[in-house]
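Annotated features in TrEMBL:
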- 1-12: compositional bias 'Polar residues' (COMPBIAS)
- 328-349: compositional bias 'Polar residues' (COMPBIAS)
- 87-244: domain 'Sodium/calcium exchanger membrane region' (DOMAIN)
- 424-581: domain 'Sodium/calcium exchanger membrane region' (DOMAIN)
- 607-750: domain 'Sodium/calcium exchanger membrane region' (DOMAIN)
- 1-25: region 'Disordered' (REGION)
- 328-356: region 'Disordered' (REGION)
- 58-81: transmembrane segment (TRANSMEM)
- 118-139: transmembrane segment (TRANSMEM)
- 151-175: transmembrane segment (TRANSMEM)
- 187-206: transmembrane segment (TRANSMEM)
- 395-418: transmembrane segment (TRANSMEM)
- 424-443: transmembrane segment (TRANSMEM)
- 455-476: transmembrane segment (TRANSMEM)
- 488-512: transmembrane segment (TRANSMEM)
- 563-579: transmembrane segment (TRANSMEM)
- 636-655: transmembrane segment (TRANSMEM)
- 706-725: transmembrane segment (TRANSMEM)
- 732-752: transmembrane segment (TRANSMEM)
Amino acid sequence: MSRYSEGTTSGSMEDEDLEKNNEKTAMVRKKSEEVVVVGSNNNGGSEMLRNFMTNLQAVFLGTKLAVLFPAVPLAVVATFYGFGRPWIFAFSLLGLAPLAERVSFLTEQIAYYTGPTVGGLLNATCGNATEMIIALLALHQNKVNVVKLSLLGSILSNLLLVLGSSLLCGGLANLKREQRYDRKQADVNSLVLLLGLLCHLLPLLFRYSLGGAHHSIATNILQMSRASSVVMLLAYLAYIFFQLKTHRKLFDAQEEEEDEEKAVIGFWSAFTWLVVTGPIIPKLNTFIIYTWRKFREASLHFMATDTGKTPLHLGYVYTMKAPKHFPSTVNTTESSHMSRYSEGTTSGSMEDEDLEKNNEKTAMVRKKSEEVVVVGSNNNGGSEMLRNFMTNLQAVFLGTKLAVLFPAVPLAVVATFYGFGRPWIFAFSLLGLAPLAERVSFLTEQIAYYTGPTVGGLLNATCGNATEMIIALLALHQNKVNVVKLSLLGSILSNLLLVLGSSLLCGGLANLKREQRYDRKQADVNSLVLLLGLLCHLLPLLFRYSLGGAHHSIATNILQMSRASSVVMLLAYLAYIFFQLKTHRKLFDAQEEEEDEEKAVIGFWSAFTWLVGMTLVISLLSEYVVGTIEAASDSWGISVSFISIILLPIVGNAAEHAGSIIFAYKNKLDISLGVAMGSATQISMFVVPLSVVVAWIMGITMDLDFSLLETGCLAFTIIVTAFTLQDGTSHYMKGVVLTLCYIVIAACFFVLKTPLTDQNSMANFGAKAWFEGINS
């Protein structure tokens, strides 16, 4: 594979190297004049014949696969004289090998003259021309299984056979030295492949989680697959743009260390041979598609004759089907609610030797806070008290860009009092929660200025996701366990994919000319804690599916297991907080020493008073949301699953979302990661197990079994996030993949129309069917 091969479709020169690239291209063009080409202006028929024979030799004898070229005319002869479909299939298959290799060679020759961008696009299009043609011809004949299996085989062959044999031979040939490669390039390709894996996994999980109980499942899977295909094409376009334009050097084949390559034949000669060779491949593919079943039958008949078994015993695996059952969005300072005491960085950053300085700073802040007007101050005169109150009111309600949504709070109350309808109540309540959730974080931060880093960190760790916690507790009070599970799951997915993904995307686009870096250790700690939470969610699911619902005591066992796991998760979260606040403060430092000194906006008691009041209002609106969610679902035609997993978390995380993007835009990824991953960790390891324990106390049955589809989405999200953050550097392609993963998952739950009351029974039916299928 040359510098324009599929794996490295872009050129490797940065802007400063374009002149050298142009000189090199001009030199290749000049030297190519010495190469004899078809259509040259040499005089004499013998000279033209000699030129043609030279090009013929370069094209057809320039590969070791040339020994297979005779299979091409043999396939045509076998078809014309009716030798039999198995023979036609065999000859056509052998003939495709050298033709596919020569198409890549000719495309590469053209790329020498067109420059890196056009050459890269040409190789990206024609790099897998054979597989593309086979797929299109098979679709034309409605052989969908052939399309799926051939494309799957191509992926497996490249990743396992080609890569594996390359590493094996390269390792054996270089036993005395260590072979190295560019890890960043491999990471980008692996990340894009993970997005493709998600798009293939979701339809499978969708079908098996519902157990085939509804006739509309096939339609839903088809809609989901089409939406996922559009997302995958967008991801590939972004991938090509990433290779060819913004990050060429990352995909450089480093050919400057090799001998200078030369064009073998001229541009028009290569183009002519490509046009001539191109139509032969579709013809051979037509032979293969038309004869593959007969070839299969003939081979099975031969094996049956040789072994004494019938073709049925040998099995038509390809016909088997799976069983049916089977920002400055907070205040005028830069920190907002993502300050040094925010959820992502819940601890202070001072080591023991800095405690005295911290105490002096806290005392200074207390002193300065006396100058800040607060509610309940002892200033004389009613006008002064009113002025103080209005100043605090302005700081609390107008210190965020989300203040435009505050009118939704009284509108929700009015809609409830005058009976406007439950969908209106739900909509107003949902909108009103967004600014309230952001202001709770802001007020918690203000209190943390006066309480010191330890108490402030604990306060933020408790109130960082107050909205999600209140909604979960109120839903439990109304015995809506599925709403609790789905809303908390959605919050985790939103933080890890949407918030983090959009932050990396915007930060990468805003910092194209420099590499963004972050503290890998902090990301590793959060990923490790999230993996523990994933294990606690996987075990109940695996327990249920392994027994297949054959025992009536399974539900009781899963409940006991979930309660024990919840206690373990709470202990792990306490250890995580202790790790942040005491033993490893510096690891979670937001590095704010480089920023301007932050100041309190309002006083301690003023912040505390507003915090209590807004928490009560959040509780009221959360009760409205939980009580009207089913009515809104019926009225809008959107499933409760989609509302719980997608809409509720997006509104609840709106402020964090905006703040995280702003910090990433300013190349402060440590804070962005702390916001997104810290919030996801708190939901997974604190709010979820706390809900299980509270339900246990209330006598409500709630376990950690989130069903197959939901748990699969959670597992993939945590794994792909951990993989994305493993190297300590970032670019916008990582953000693209994470954001598109969230869009695919959102599309999956959008087409999921199954009522919540039916999901558990259908999941149990699917588990039983899956278990019976394995036994059979």
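Using N, Cα and C of the backbone, Cβ positions are placed for all residues, glycine too.
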- Task: May I ask you to check whether the transmembrane segment (424-443) and the transmembrane segment (395-418) make contact, with contact taken as at least three Cβ pairs under 8 Å and only pairs 6 or more apart in sequence counted?
- Result: yes
- Query: Taking contact to mean three or more C-beta pairs under 8 angstroms, with sequence separation of 6 or more, is the transmembrane segment (187-206) in contact with the transmembrane segment (706-725)?
  - Reply: yes
- Item | Positions whose Cβ lies under 8 angstroms from the transmembrane segment (151-175), at least six residues beyond its ends | 128, 131, 135
- Query: Which of 58-81, 395-418, 636-655, 732-752 shares the most C-beta pairs under 8 angstroms with the transmembrane segment (488-512)?
  - Reply: 732-752
- Sequence-distant residues near the transmembrane segment (636-655) by C-beta distance (under 8 Å, 6 or more away from its ends) are 329-330, 336-337, 400, 402, 423, 430-431, 433-435, 437-438, 441, 465, 467-468, 471, 482-483, 486-487, 489-491, 493-495, 498-499, 625, 629-630, 679, 710, 746, 749-750, 752-756, 759
- Note on the structure: Near the transmembrane segment (732-752) in space but 6 or more residues beyond its ends, with Cβ under 8 Å, are 188, 191-192, 194-195, 198-199, 202, 206, 220, 223-224, 227-228, 231, 234-235, 238-239, 242, 246-247, 493-494, 496-498, 500-509, 512, 638-639, 641-642, 645-646, 709, 713, 716-717, 720-721, 724
- Query: Which residue counts does DSSP yield for the domain 'Sodium/calcium exchanger membrane region' (607-750) in the helix, strand and coil classes, in that order?
  - Reply: 121 helix, 2 strand, 21 coil
